[in-house]
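K.L.:
I'd like to ask you about the structure that follows.
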Amino acid sequence: MSGSFRAELVKLVRRPAAWLLLAITLALAVLFTYVFPYAGYAAGTGGPNSGRALSTLLPDRLVGNSLGGLPVFLGAIVLILGVLVVGGEYAWGTWKTVLSQGPSRLGVYAGKLLTLAMAALVVVLAVFGVGAVSSALIAAAEARPVRWPGLGDLLTGIGAGWLIATMWAMLGVVLAVALRAVALPVGLGLVWMLAVQNLLAAIAAPLLDWVARLQKGLPGPNAGSLAGALGASADTPGVAAAVGGGQAALVVAGYLVAFAAVGALLLRLSLIHISEPTRLALTSYAVFCLKKKQQSPGHRKY
């Protein structure tokens, strides 16, 4: 598995789409969390609560501000990354090439999951990093004292963000394995995260009690509850105190494990077909290698 992990890590680092998704994530995090709110405050359009709005942009709110986008918008980008890492093998027809080199399906799959977990951690750390720089600049511009969250709060926030981001990446993985593609899993994942979840929370849940109860067991509301428990603003889309922070963390972790396990099961049971041209090419190569070995000087015929 270590060989598969190293190979997947190299592939991800060299993939331009991964860096593009990271850049989009950081741009969205800075623009919607800091730039637009501060621009409204500086322009005097913040209204009577503009002072309170400024206080939410200072360094002591770093944890909540960094987690606020993960339940929906930033999480959707991590989901796309999960789809690309696994679904790309189906789109390019490279599963058979990878598996013909010797590693098992589950070994390759585990390497992909570890790579995605590392990528999710990098995304979360980067979001915290740009948030720290942005909040420090705002504090300096407004001559406000710079008070950072405690180390324990920072580590808890990073851990929670990593948990949420990895859970969304695993959802992308299971969609890619189930549908054996890239475009359709990305489309369905985005529709669920950006549309269906919001419609359930805003329209269906207030009207139907069973939908309101169902909400408490879905991944999005629990991710939002976990972010809200650690200081994310309730005005942020997807952030709401549907359940307690402890329960939310357990549910998100449960979904993470379930998505990874279901993806492994589907991959284990699936048939990865080898096309006829590829089969002929592999057969020809094997015959060529056998003849070359027989013609070598050290080969003896009995």
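Glycine is treated like the rest: Cβ placed from N, Cα and C.
Just so you know, TrEMBL annotations never went through curation; they're auto-generated.
What TrEMBL records for 66-92, 113-140, 160-179, 186-208, 248-269 is transmembrane segment.
Just tell me what is around each of these and how deep it sits.
P.N.:
Residues of the same chain lying 6 or more positions beyond the ends of the transmembrane segment (113-140) and with a Cβ under 8 Å from any Cβ of it are 1, 5, 8-9, 12, 18, 22, 25-26, 29-30, 33-35, 38, 54, 57-59, 61-62, 65-66, 69-70, 74, 78, 81-82, 85, 146, 148, 154, 157-158, 161-162, 165-166, 169-170, 173, 260.
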K.L.:
Give the one range among 66-92, 186-208, 248-269 whose Cβ atoms make the most pairs under 8 Å with those of the transmembrane segment (160-179).
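P.N.:
Against the transmembrane segment (160-179), the leading stretch is 66-92.
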